[in-house]
Amino acid sequence: MPNIRLDVEYDGTSFAGWQRQPNGIVTVQGEIEAVLSEILQEKINLAAAGRTDRGVHARGQVVNFSTRSPLEHSRIRHSLNCLLPSSICIPSSQLVPDDFHARFSALERQYRYFAIPEPSALMGRYTGCSHGDVDFALMQHLSSGLRGTHDFSLFSREDRDGNGSLCTVREAGWYRHKGVMVFHIAANRFLRSMVRGIVGGMLSAGRGELDPEEYLGMLGGGGGGMRVKPAVASGLFLWRVRY
């Protein structure tokens with residue numbers, strides 16, 4: 001059976017996260033699978049590179065599925081874009097080898113978090129808020145300490161997979177773009193709510209509410225769950241997946 005890869009963009013505001021849920025709860029996976037099953041006249045199960053939380057967006061989610069249908073992947077993509085809600089878009093599709101798996105074949109995931117200093121009715125859908133000025137240089141310093149392999153259990157919610165809490169971060173840093181603070185991070189894997197925990201802790205340190213050494217010390221792990229207030233979901237984007 002053909003193995004088809006879809007690249008997916010979505011505005012996560014109105015969805016209860018990526019992962020399919022029971023009892024009619026609206027999720028991104030559930031919406032795409034329902035439309036695909038209608039188009040292909042068979043039950044479709046998507047594998048995804050990342051399972052984003054409620055309210056988190058994606059610019060570069062990757063999924064794959066197998067189908068018995070003879071339809072070309074480009075026609076499937078066109079039909080999806082006609083039938084899916086406007087908050088979900090499939091910008092590209094391709095046939096991939098049988099052993100390609102959106103999650104397990106991924107080498108690296110990249111996320112970006114966008115934050116503004118004050119609340120905004122216009123930008124708030126796609127940004128978080130620092131609620132005042134922050135020590136930007138300090139946050140840049142803290143982000144450099146994230147690189148390497150660390151135990152991120154104190155920056156994340158309980159692990160659902162039982163695969164441990166060690167993650168290897170290749171790059172992490174802050175930059176400014178047109179008045180918006182942007183945090184970028186790339187790692188081999190991410191724990192549940194990990195990026196929001198990392199950003200929330202850095203914003204707290206930038207406001208002087210959390211000691212920087214305490215923040216860096218939490219990279220040693222220790223269990224007990226998230227020790228920081230996570231940044232709001234609206235500013236977070238799954239940006240790219242590298243294979």
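Glycine is no exception: its Cβ is also placed from the backbone N, Cα and C atoms.
Listed in Swiss-Prot:
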ACT_SITE  D53  active site, nucleophile
BINDING   Y111  substrate binding site
- Please work out the number of neighbouring Cβ atoms within 10 Å of the Cβ of the residue listed as 'active site, nucleophile', leaving out its own Cβ. 20
- Query: Taking just the CA atoms, what is the gap between the residue listed as 'active site, nucleophile' and Y111 (substrate binding site) in Å?
  - Reply: 13
- Near Y111 (substrate binding site), which residues of its own chain have a C-beta under 8 A away, given they sit six or more steps off in sequence? H184, I185, A186, F190, V195, L236, F237, L238, W239
- What does DSSP call D53 (active site, nucleophile) in the simple three-state scheme? coil
- For the residue listed as 'substrate binding site', the three-state class that DSSP assigns: strand
